Amino acid sequence: MMDMKENDQKRNDMMDMKSHDERKNLNSSQGKNEITFPKVLDPKKDNNGYKSYTLKAQKGKTEFYKGNFSNTLGYNGNLLGPTLKLKKGDKVKIKLVNNLDENTTFHWHGLEIDGKVDGGPSQVIKPGKEKTIKFEVKQEAATLWYHPHPSPNTAKQVYNGLSGLLYIEDDKKNNYPSNYGKNDLPIIIQDKTFVSKKLNYTKTKDEDGTQGDTVLVNGKVDPKLTTKEGKIRLRLLNGSNARDLNLKLSNNQSFEYIASEGGHLEKTKKLKEINLAPSARKEIVIDLSKMKEEKVNLVDNDETVILPIINKEKSTNKDTTPKVDKKIKLEGMDDNVTINGKKFDPNRIDFTQKVNRKETWEIENVKDKMSGMKHPFHIHGTQFKVLSVDGKKPSEDMRGKKDVISLEPGQKAKIEVVFKNTGTYMFHCHILEHEDNGMMGQIKVTK
(Lines of atoms letter the chains of each structure in order from A; the text may use other names.)
(Lines give C-alpha, C1' and ligand atoms only; values in the text may rest on other atoms or scores of the structure.)
Protein backbone atom coordinates (compact mmCIF):
# COMPACT_ATOMS: atom_id res chain seq x y z
CA MET A 1 0.00 0.00 0.00
CA MET A 2 1.29 3.50 -0.85
CA ASP A 3 2.34 5.37 2.32
CA MET A 4 1.51 9.02 3.00
CA LYS A 5 4.86 10.37 1.78
CA GLU A 6 4.59 8.50 -1.50
CA ASN A 7 1.03 9.71 -1.95
CA ASP A 8 2.08 13.32 -1.28
CA GLN A 9 4.99 12.98 -3.72
CA LYS A 10 2.69 11.59 -6.41
CA ARG A 11 0.32 14.52 -5.94
CA ASN A 12 3.20 17.02 -6.11
CA ASP A 13 4.47 15.40 -9.30
CA MET A 14 1.02 15.67 -10.86
CA MET A 15 0.79 19.32 -9.82
CA ASP A 16 4.15 20.04 -11.44
CA MET A 17 2.97 18.47 -14.68
CA LYS A 18 0.01 20.75 -15.32
CA SER A 19 -0.87 24.40 -15.12
CA HIS A 20 -3.45 25.40 -12.54
CA ASP A 21 -5.62 27.16 -15.07
CA GLU A 22 -4.80 25.26 -18.23
CA ARG A 23 -7.41 25.57 -20.96
CA LYS A 24 -8.08 22.38 -22.82
CA ASN A 25 -8.14 22.97 -26.57
CA LEU A 26 -11.69 23.43 -27.87
CA ASN A 27 -12.35 22.51 -31.48
CA SER A 28 -14.33 24.90 -33.66
CA SER A 29 -17.88 24.10 -34.69
CA GLN A 30 -18.04 22.95 -38.31
CA GLY A 31 -21.57 24.32 -38.61
CA LYS A 32 -23.22 21.06 -39.66
CA ASN A 33 -26.25 20.93 -37.35
CA GLU A 34 -28.96 23.57 -37.05
CA ILE A 35 -29.67 24.33 -33.42
CA THR A 36 -33.14 23.96 -31.97
CA PHE A 37 -34.58 25.73 -28.96
CA PRO A 38 -36.00 24.24 -25.76
CA LYS A 39 -39.77 24.08 -25.69
CA VAL A 40 -41.58 26.45 -23.35
CA LEU A 41 -43.28 24.54 -20.53
CA ASP A 42 -46.88 25.73 -20.33
CA PRO A 43 -48.34 25.93 -16.82
CA LYS A 44 -51.70 24.81 -15.55
CA LYS A 45 -53.66 27.28 -13.43
CA ASP A 46 -55.09 25.88 -10.21
CA ASN A 47 -58.01 27.16 -8.13
CA ASN A 48 -55.71 29.05 -5.77
CA GLY A 49 -54.16 31.15 -8.52
CA TYR A 50 -50.92 29.23 -8.77
CA LYS A 51 -49.13 28.55 -12.04
CA SER A 52 -48.55 24.81 -11.76
CA TYR A 53 -45.64 22.94 -13.40
CA THR A 54 -44.16 19.45 -13.31
CA LEU A 55 -40.45 18.83 -13.83
CA LYS A 56 -39.06 15.31 -14.00
CA ALA A 57 -35.35 14.51 -13.80
CA GLN A 58 -34.94 11.40 -15.93
CA LYS A 59 -32.55 9.18 -17.85
CA GLY A 60 -32.47 9.30 -21.64
CA LYS A 61 -30.60 8.51 -24.85
CA THR A 62 -29.19 11.21 -27.13
CA GLU A 63 -27.79 10.81 -30.65
CA PHE A 64 -25.04 13.43 -30.68
CA TYR A 65 -23.42 11.65 -33.62
CA LYS A 66 -25.42 9.72 -36.19
CA GLY A 67 -25.84 6.09 -35.17
CA ASN A 68 -24.18 6.62 -31.79
CA PHE A 69 -26.44 7.00 -28.77
CA SER A 70 -25.15 8.30 -25.44
CA ASN A 71 -26.67 7.80 -22.01
CA THR A 72 -27.85 11.25 -20.95
CA LEU A 73 -30.01 12.99 -18.37
CA GLY A 74 -32.75 15.52 -18.97
CA TYR A 75 -35.77 17.28 -17.52
CA ASN A 76 -38.99 16.02 -19.11
CA GLY A 77 -36.90 14.58 -21.95
CA ASN A 78 -33.60 13.04 -23.00
CA LEU A 79 -31.34 16.08 -22.64
CA LEU A 80 -31.52 19.55 -21.07
CA GLY A 81 -34.95 20.84 -20.05
CA PRO A 82 -37.86 23.03 -21.10
CA THR A 83 -37.86 26.79 -20.60
CA LEU A 84 -40.04 28.14 -17.80
CA LYS A 85 -41.48 31.64 -18.28
CA LEU A 86 -42.53 33.50 -15.15
CA LYS A 87 -43.46 37.07 -14.26
CA LYS A 88 -42.94 39.17 -11.17
CA GLY A 89 -45.93 38.56 -8.90
CA ASP A 90 -46.62 35.05 -10.19
CA LYS A 91 -47.50 32.46 -7.58
CA VAL A 92 -45.72 29.30 -8.70
CA LYS A 93 -46.12 25.65 -7.77
CA ILE A 94 -43.71 23.04 -9.17
CA LYS A 95 -43.91 19.29 -8.67
CA LEU A 96 -40.35 17.96 -8.70
CA VAL A 97 -39.96 14.30 -9.60
CA ASN A 98 -36.75 12.28 -9.37
CA ASN A 99 -36.84 9.44 -11.90
CA LEU A 100 -33.08 8.91 -11.68
CA ASP A 101 -31.41 6.05 -9.85
CA GLU A 102 -29.55 8.45 -7.54
CA ASN A 103 -30.29 11.46 -5.36
CA THR A 104 -30.81 14.83 -6.99
CA THR A 105 -32.03 18.33 -6.18
CA PHE A 106 -33.61 21.11 -8.24
CA HIS A 107 -31.70 24.39 -7.80
CA TRP A 108 -33.10 27.67 -9.17
CA HIS A 109 -29.91 29.50 -10.08
CA GLY A 110 -30.31 33.25 -9.64
CA LEU A 111 -33.87 33.10 -8.31
CA GLU A 112 -34.47 35.10 -5.14
CA ILE A 113 -36.64 32.73 -3.13
CA ASP A 114 -36.92 31.28 0.36
CA GLY A 115 -33.94 29.11 1.26
CA LYS A 116 -36.27 26.19 1.98
CA VAL A 117 -37.03 25.83 -1.75
CA ASP A 118 -33.70 26.98 -3.22
CA GLY A 119 -32.71 23.40 -4.08
CA GLY A 120 -29.31 23.26 -2.44
CA PRO A 121 -27.61 19.99 -1.42
CA SER A 122 -29.62 19.66 1.80
CA GLN A 123 -32.90 19.47 -0.14
CA VAL A 124 -32.37 16.02 -1.62
CA ILE A 125 -35.08 14.15 -3.48
CA LYS A 126 -34.37 10.43 -3.41
CA PRO A 127 -34.80 8.11 -6.42
CA GLY A 128 -38.44 7.49 -7.21
CA LYS A 129 -39.60 10.27 -4.90
CA GLU A 130 -41.16 13.67 -5.53
CA LYS A 131 -42.05 16.86 -3.73
CA THR A 132 -43.91 20.06 -4.52
CA ILE A 133 -42.56 23.53 -3.87
CA LYS A 134 -44.35 26.87 -3.86
CA PHE A 135 -43.01 30.41 -4.17
CA GLU A 136 -43.89 33.88 -5.41
CA VAL A 137 -41.73 35.63 -8.00
CA LYS A 138 -40.42 38.86 -6.49
CA GLN A 139 -37.70 40.02 -8.86
CA GLU A 140 -37.44 41.90 -12.11
CA ALA A 141 -37.06 40.47 -15.62
CA ALA A 142 -33.95 38.29 -15.98
CA THR A 143 -32.58 35.16 -17.63
CA LEU A 144 -31.99 32.50 -14.97
CA TRP A 145 -31.50 28.74 -15.10
CA TYR A 146 -32.11 25.59 -13.11
CA HIS A 147 -29.87 22.59 -12.52
CA PRO A 148 -29.20 19.87 -9.93
CA HIS A 149 -27.12 20.58 -6.84
CA PRO A 150 -26.61 17.24 -5.00
CA SER A 151 -23.34 16.99 -3.12
CA PRO A 152 -21.05 15.54 -4.41
CA ASN A 153 -22.65 14.74 -7.80
CA THR A 154 -23.56 18.16 -9.21
CA ALA A 155 -20.80 18.10 -11.83
CA LYS A 156 -21.69 14.67 -13.18
CA GLN A 157 -25.42 15.36 -13.42
CA VAL A 158 -25.01 18.74 -15.12
CA TYR A 159 -22.41 17.34 -17.54
CA ASN A 160 -24.77 14.51 -18.48
CA GLY A 161 -27.56 16.91 -19.39
CA LEU A 162 -29.50 18.34 -16.45
CA SER A 163 -29.87 22.05 -17.23
CA GLY A 164 -32.75 24.28 -18.22
CA LEU A 165 -33.60 27.97 -18.59
CA LEU A 166 -35.98 30.05 -16.51
CA TYR A 167 -37.09 33.44 -17.77
CA ILE A 168 -38.58 36.15 -15.61
CA GLU A 169 -40.46 38.51 -17.91
CA ASP A 170 -42.31 41.79 -17.47
CA ASP A 171 -44.72 43.99 -19.39
CA LYS A 172 -42.29 46.86 -19.85
CA LYS A 173 -42.04 48.00 -23.43
CA ASN A 174 -38.60 48.08 -24.99
CA ASN A 175 -37.18 47.61 -28.44
CA TYR A 176 -35.46 44.31 -27.72
CA PRO A 177 -36.38 41.30 -29.87
CA SER A 178 -38.93 39.24 -27.93
CA ASN A 179 -40.25 36.48 -30.22
CA TYR A 180 -39.05 33.28 -28.53
CA GLY A 181 -37.18 30.98 -30.90
CA LYS A 182 -37.34 33.52 -33.75
CA ASN A 183 -35.37 36.59 -32.74
CA ASP A 184 -35.22 36.06 -28.96
CA LEU A 185 -32.95 33.04 -28.72
CA PRO A 186 -31.85 30.91 -25.75
CA ILE A 187 -28.23 29.85 -26.30
CA ILE A 188 -26.85 27.22 -23.90
CA ILE A 189 -23.11 26.80 -24.52
CA GLN A 190 -21.33 23.72 -23.18
CA ASP A 191 -18.14 21.79 -23.85
CA LYS A 192 -17.84 18.03 -23.68
CA THR A 193 -15.49 15.22 -24.65
CA PHE A 194 -16.76 12.16 -26.49
CA VAL A 195 -15.16 8.73 -26.25
CA SER A 196 -15.87 6.76 -29.45
CA LYS A 197 -18.54 9.40 -30.23
CA LYS A 198 -20.29 8.76 -26.91
CA LEU A 199 -20.51 10.87 -23.78
CA ASN A 200 -18.49 9.47 -20.88
CA TYR A 201 -18.04 11.74 -17.88
CA THR A 202 -16.21 9.13 -15.79
CA LYS A 203 -13.38 8.76 -18.32
CA THR A 204 -13.00 12.50 -18.94
CA LYS A 205 -13.55 13.91 -15.42
CA ASP A 206 -10.98 16.39 -14.14
CA GLU A 207 -10.99 17.34 -10.45
CA ASP A 208 -9.91 20.86 -11.39
CA GLY A 209 -12.91 21.32 -13.65
CA THR A 210 -13.86 19.10 -16.56
CA GLN A 211 -13.27 20.79 -19.91
CA GLY A 212 -14.25 19.19 -23.19
CA ASP A 213 -12.80 19.45 -26.68
CA THR A 214 -16.20 19.66 -28.42
CA VAL A 215 -18.53 22.64 -28.30
CA LEU A 216 -22.29 22.12 -27.96
CA VAL A 217 -25.03 24.71 -28.30
CA ASN A 218 -28.47 23.70 -27.05
CA GLY A 219 -27.24 20.10 -27.03
CA LYS A 220 -26.04 20.05 -30.65
CA VAL A 221 -22.48 19.26 -31.73
CA ASP A 222 -21.11 21.27 -34.68
CA PRO A 223 -23.94 23.78 -34.20
CA LYS A 224 -25.05 26.59 -36.49
CA LEU A 225 -27.80 29.20 -36.49
CA THR A 226 -29.62 30.23 -39.65
CA THR A 227 -31.90 33.26 -39.41
CA LYS A 228 -33.77 35.78 -41.54
CA GLU A 229 -34.03 38.28 -38.71
CA GLY A 230 -32.39 41.69 -38.90
CA LYS A 231 -31.76 41.84 -35.16
CA ILE A 232 -31.37 38.88 -32.85
CA ARG A 233 -31.26 38.75 -29.08
CA LEU A 234 -29.02 36.02 -27.68
CA ARG A 235 -29.67 34.93 -24.10
CA LEU A 236 -26.28 33.36 -23.49
CA LEU A 237 -25.73 30.78 -20.75
CA ASN A 238 -22.31 29.30 -20.10
CA GLY A 239 -23.54 25.86 -19.04
CA SER A 240 -20.04 24.36 -18.99
CA ASN A 241 -18.63 22.69 -15.91
CA ALA A 242 -15.45 24.77 -15.83
CA ARG A 243 -14.60 26.59 -19.07
CA ASP A 244 -14.51 30.39 -19.18
CA LEU A 245 -15.73 31.94 -22.43
CA ASN A 246 -14.55 35.19 -24.01
CA LEU A 247 -17.04 35.80 -26.78
CA LYS A 248 -16.95 38.18 -29.73
CA LEU A 249 -17.99 38.29 -33.38
CA SER A 250 -15.48 37.18 -35.99
CA ASN A 251 -15.97 40.37 -38.03
CA ASN A 252 -15.17 42.48 -34.94
CA GLN A 253 -18.64 44.04 -35.10
CA SER A 254 -19.95 45.54 -31.86
CA PHE A 255 -23.17 44.36 -30.25
CA GLU A 256 -25.50 45.78 -27.63
CA TYR A 257 -25.05 44.35 -24.13
CA ILE A 258 -28.48 44.65 -22.51
CA ALA A 259 -28.65 42.34 -19.48
CA SER A 260 -26.51 40.55 -16.92
CA GLU A 261 -27.44 37.59 -14.71
CA GLY A 262 -29.70 39.78 -12.58
CA GLY A 263 -31.61 41.46 -15.38
CA HIS A 264 -31.60 44.50 -17.65
CA LEU A 265 -28.84 47.06 -17.31
CA GLU A 266 -29.84 50.60 -16.41
CA LYS A 267 -27.96 51.69 -19.50
CA THR A 268 -27.04 49.33 -22.33
CA LYS A 269 -23.47 49.15 -23.61
CA LYS A 270 -21.89 48.80 -27.03
CA LEU A 271 -19.23 46.12 -26.68
CA LYS A 272 -17.12 43.93 -28.91
CA GLU A 273 -16.33 41.20 -26.38
CA ILE A 274 -17.87 39.75 -23.23
CA ASN A 275 -16.71 37.21 -20.68
CA LEU A 276 -18.93 34.40 -19.46
CA ALA A 277 -17.80 32.47 -16.39
CA PRO A 278 -19.26 29.02 -15.80
CA SER A 279 -22.97 29.47 -14.91
CA ALA A 280 -23.06 33.13 -16.03
CA ARG A 281 -25.69 34.61 -18.32
CA LYS A 282 -25.58 37.71 -20.48
CA GLU A 283 -28.01 39.05 -23.05
CA ILE A 284 -26.78 40.73 -26.21
CA VAL A 285 -28.48 42.11 -29.32
CA ILE A 286 -26.72 41.68 -32.67
CA ASP A 287 -27.76 43.82 -35.64
CA LEU A 288 -27.27 41.48 -38.59
CA SER A 289 -28.52 44.11 -41.02
CA LYS A 290 -25.16 45.88 -40.58
CA MET A 291 -23.25 42.85 -41.76
CA LYS A 292 -21.62 42.91 -45.15
CA GLU A 293 -21.00 39.19 -45.00
CA GLU A 294 -23.50 36.35 -45.29
CA LYS A 295 -22.05 34.65 -42.23
CA VAL A 296 -20.48 35.74 -38.98
CA ASN A 297 -19.11 33.48 -36.27
CA LEU A 298 -19.56 33.81 -32.55
CA VAL A 299 -16.03 32.95 -31.41
CA ASP A 300 -14.21 32.24 -28.17
CA ASN A 301 -10.77 33.79 -27.55
CA ASP A 302 -10.63 35.19 -31.10
CA GLU A 303 -10.32 31.81 -32.79
CA THR A 304 -12.59 28.96 -31.68
CA VAL A 305 -15.91 29.03 -33.54
CA ILE A 306 -18.72 28.49 -31.03
CA LEU A 307 -21.67 29.21 -33.32
CA PRO A 308 -21.72 30.16 -37.01
CA ILE A 309 -24.58 32.62 -37.60
CA ILE A 310 -25.87 32.60 -41.17
CA ASN A 311 -27.92 35.59 -42.28
CA LYS A 312 -30.29 34.09 -44.81
CA GLU A 313 -31.38 37.50 -46.07
CA LYS A 314 -27.85 38.00 -47.36
CA SER A 315 -26.92 34.54 -47.96
CA THR A 316 -10.45 56.57 -13.46
CA ASN A 317 -10.83 54.45 -10.69
CA LYS A 318 -10.59 54.74 -6.94
CA ASP A 319 -11.91 52.25 -4.44
CA THR A 320 -14.63 54.16 -2.63
CA THR A 321 -16.46 51.03 -1.50
CA PRO A 322 -17.80 50.83 2.06
CA LYS A 323 -16.36 48.88 4.96
CA VAL A 324 -16.10 45.12 4.43
CA ASP A 325 -18.58 42.99 6.41
CA LYS A 326 -17.48 39.54 5.28
CA LYS A 327 -14.29 38.13 3.78
CA ILE A 328 -14.22 35.10 1.51
CA LYS A 329 -10.90 33.50 0.56
CA LEU A 330 -10.93 30.99 -2.31
CA GLU A 331 -7.93 28.68 -2.27
CA GLY A 332 -6.52 25.54 -3.87
CA MET A 333 -6.91 23.17 -6.79
CA ASP A 334 -7.85 19.53 -7.45
CA ASP A 335 -9.50 18.10 -4.32
CA ASN A 336 -7.54 20.48 -2.05
CA VAL A 337 -9.96 23.36 -2.50
CA THR A 338 -11.32 25.39 0.41
CA ILE A 339 -13.17 28.56 1.33
CA ASN A 340 -11.54 30.37 4.25
CA GLY A 341 -9.44 27.27 4.82
CA LYS A 342 -12.45 25.00 5.32
CA LYS A 343 -14.17 22.24 3.37
CA PHE A 344 -17.96 22.20 3.09
CA ASP A 345 -19.77 20.81 6.13
CA PRO A 346 -23.58 20.61 5.84
CA ASN A 347 -23.81 20.86 9.65
CA ARG A 348 -21.85 24.14 9.82
CA ILE A 349 -23.15 27.67 9.23
CA ASP A 350 -20.24 29.84 8.09
CA PHE A 351 -21.92 33.25 8.17
CA THR A 352 -25.15 34.91 9.22
CA GLN A 353 -26.81 38.01 7.80
CA LYS A 354 -30.04 39.89 8.46
CA VAL A 355 -32.68 39.87 5.74
CA ASN A 356 -32.74 43.09 3.67
CA ARG A 357 -29.44 44.21 5.26
CA LYS A 358 -26.94 45.61 2.76
CA GLU A 359 -23.46 44.18 3.31
CA THR A 360 -20.13 44.42 1.54
CA TRP A 361 -18.34 41.13 0.93
CA GLU A 362 -14.72 40.91 -0.09
CA ILE A 363 -13.96 37.93 -2.33
CA GLU A 364 -10.31 37.03 -2.78
CA ASN A 365 -8.83 34.38 -5.05
CA VAL A 366 -5.68 33.57 -3.09
CA LYS A 367 -2.60 33.20 -5.26
CA ASP A 368 -0.48 30.21 -4.28
CA LYS A 369 3.13 29.31 -5.02
CA MET A 370 2.13 27.88 -8.43
CA SER A 371 0.25 31.07 -9.33
CA GLY A 372 -3.21 29.56 -8.82
CA MET A 373 -6.26 29.28 -11.07
CA LYS A 374 -9.42 31.20 -11.84
CA HIS A 375 -12.48 30.59 -9.63
CA PRO A 376 -16.08 31.65 -10.48
CA PHE A 377 -17.81 32.52 -7.17
CA HIS A 378 -21.61 32.15 -6.87
CA ILE A 379 -24.11 32.98 -4.11
CA HIS A 380 -27.53 31.37 -3.90
CA GLY A 381 -30.74 33.30 -3.33
CA THR A 382 -29.59 36.79 -4.26
CA GLN A 383 -28.24 39.04 -6.98
CA PHE A 384 -25.24 41.12 -5.99
CA LYS A 385 -23.58 44.26 -7.32
CA VAL A 386 -19.86 44.35 -8.10
CA LEU A 387 -18.42 47.43 -6.38
CA SER A 388 -14.76 47.06 -7.28
CA VAL A 389 -12.11 44.67 -8.57
CA ASP A 390 -8.63 45.21 -7.15
CA GLY A 391 -9.73 48.61 -5.92
CA LYS A 392 -10.94 49.79 -9.32
CA LYS A 393 -14.38 50.17 -10.83
CA PRO A 394 -15.58 46.94 -12.48
CA SER A 395 -15.33 46.56 -16.25
CA GLU A 396 -18.39 47.38 -18.35
CA ASP A 397 -19.50 43.76 -18.71
CA MET A 398 -19.41 43.26 -14.93
CA ARG A 399 -22.01 45.98 -14.34
CA GLY A 400 -25.60 45.23 -13.43
CA LYS A 401 -26.99 42.61 -11.07
CA LYS A 402 -25.01 39.39 -10.94
CA ASP A 403 -24.91 36.07 -9.12
CA VAL A 404 -21.45 34.91 -10.21
CA ILE A 405 -18.08 36.65 -10.43
CA SER A 406 -14.94 35.07 -11.86
CA LEU A 407 -11.62 36.08 -10.31
CA GLU A 408 -8.10 35.52 -11.57
CA PRO A 409 -5.42 34.32 -9.13
CA GLY A 410 -4.55 37.18 -6.80
CA GLN A 411 -7.65 39.22 -7.67
CA LYS A 412 -9.85 40.68 -4.98
CA ALA A 413 -13.39 41.99 -5.48
CA LYS A 414 -15.88 43.79 -3.29
CA ILE A 415 -19.56 43.08 -3.84
CA GLU A 416 -22.76 44.45 -2.34
CA VAL A 417 -24.98 41.64 -1.05
CA VAL A 418 -28.62 41.89 0.06
CA PHE A 419 -30.89 38.91 0.77
CA LYS A 420 -34.60 39.53 0.35
CA ASN A 421 -35.63 36.21 1.89
CA THR A 422 -34.73 34.24 4.99
CA GLY A 423 -33.22 30.77 4.93
CA THR A 424 -29.93 28.96 4.55
CA TYR A 425 -28.10 29.57 1.29
CA MET A 426 -24.97 28.19 -0.32
CA PHE A 427 -21.99 30.11 -1.66
CA HIS A 428 -19.39 28.25 -3.69
CA CYS A 429 -16.99 28.02 -6.60
CA HIS A 430 -19.02 27.20 -9.72
CA ILE A 431 -16.36 24.94 -11.17
CA LEU A 432 -18.59 22.01 -10.39
CA GLU A 433 -15.84 19.58 -9.45
CA HIS A 434 -14.47 22.14 -6.97
CA GLU A 435 -17.97 22.50 -5.52
CA ASP A 436 -18.26 18.74 -5.12
CA ASN A 437 -14.82 18.65 -3.47
CA GLY A 438 -15.91 21.02 -0.73
CA MET A 439 -15.30 24.55 -2.06
CA MET A 440 -18.64 25.63 -0.63
CA GLY A 441 -20.09 27.27 2.48
CA GLN A 442 -23.42 28.25 4.01
CA ILE A 443 -24.92 31.54 5.13
CA LYS A 444 -28.03 31.73 7.29
CA VAL A 445 -30.28 34.73 6.65
CA THR A 446 -32.52 35.66 9.56
CA LYS A 447 -35.13 38.28 10.38
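The backbone N, Cα and C atoms fix where each Cβ goes, glycine too.
For the Cu cation 2 site, Swiss-Prot records His109, His430, and the single candidate of His147, His264 listed with them is His147. For the Cu cation 4 site, Swiss-Prot gives Cys429, His434, Met439; the one candidate out of His149, His375 that the record lists there too is His375.
Surrounding the centroid of the Cβ atoms of His375, Cys429, His434, Met439, where the record places Cu cation 4, the chain contributes additional residues within 8 Å, namely Leu330, Gly332, Val337, Ile339, Pro376, Phe377, His428, His430, Ile431, Glu435, Met440. Candidates His107, His149, His375, His380, Met439 (binding-site residues) were compared with His430 (Cu cation 2 binding site); those inside 10 Å Cα-Cα are His375, Met439. Neighbours of His434 (Cu cation 4 binding site) among the binding-site residues His107, His149, His378, defined as a Cα within 10 Å of its Cα, are absent: none qualifies. Between His378 (Cu cation 1 binding site) and His428 (Cu cation 3 binding site), the C-alpha separation comes to 6 Å. Listed in sequence order, Leu330, Gly332, Val337, Thr338, Ile339, Lys343, Phe344, His375, His428, Cys429, Ile431 are the same-chain residues six or more apart from Met439 (Cu cation 4 binding site) with CB atoms under 8 A from its CB.
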